[in-house]
């Protein structure tokens, strides 16, 4: 019986942890072509703030260097006022 109750408690803890995790994993934007073996994090940080990161994505680009992709925290959603 102790094993069954501990399994139930662990399951509940696991579900609560997932319920408390923030769902927003961030936003992405492409900033144009980037040179091979160069980081584009500086461009991303200048555009989206200090917490942004950038990388060259070679899988979607038609240019030889790749496409600069930025990952940054999404701005908060502002609710619209109702016009009723």
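In case you wondered, yes, glycine gets a Cβ from its N, Cα and C as well.
Annotation source Swiss-Prot lists signal peptide at 1-23, citing sequence analysis. What Swiss-Prot records for 27-74, 34-56, 40-68, 44-70 is disulfide bond, and it gives similarity to another entry as the kind of evidence.
Sequence features annotated in Swiss-Prot and their locations in the structure.
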| residue | record | contacts (Cβ under 8 Å, 6+ apart) |
| --- | --- | --- |
| 27 | disulfide bond | 71, 72, 73, 74 |
| 34 | disulfide bond | 40, 54, 56, 65, 66, 67, 68 |
| 44 | disulfide bond | 31, 52, 53, 54, 68, 70, 71, 72 |
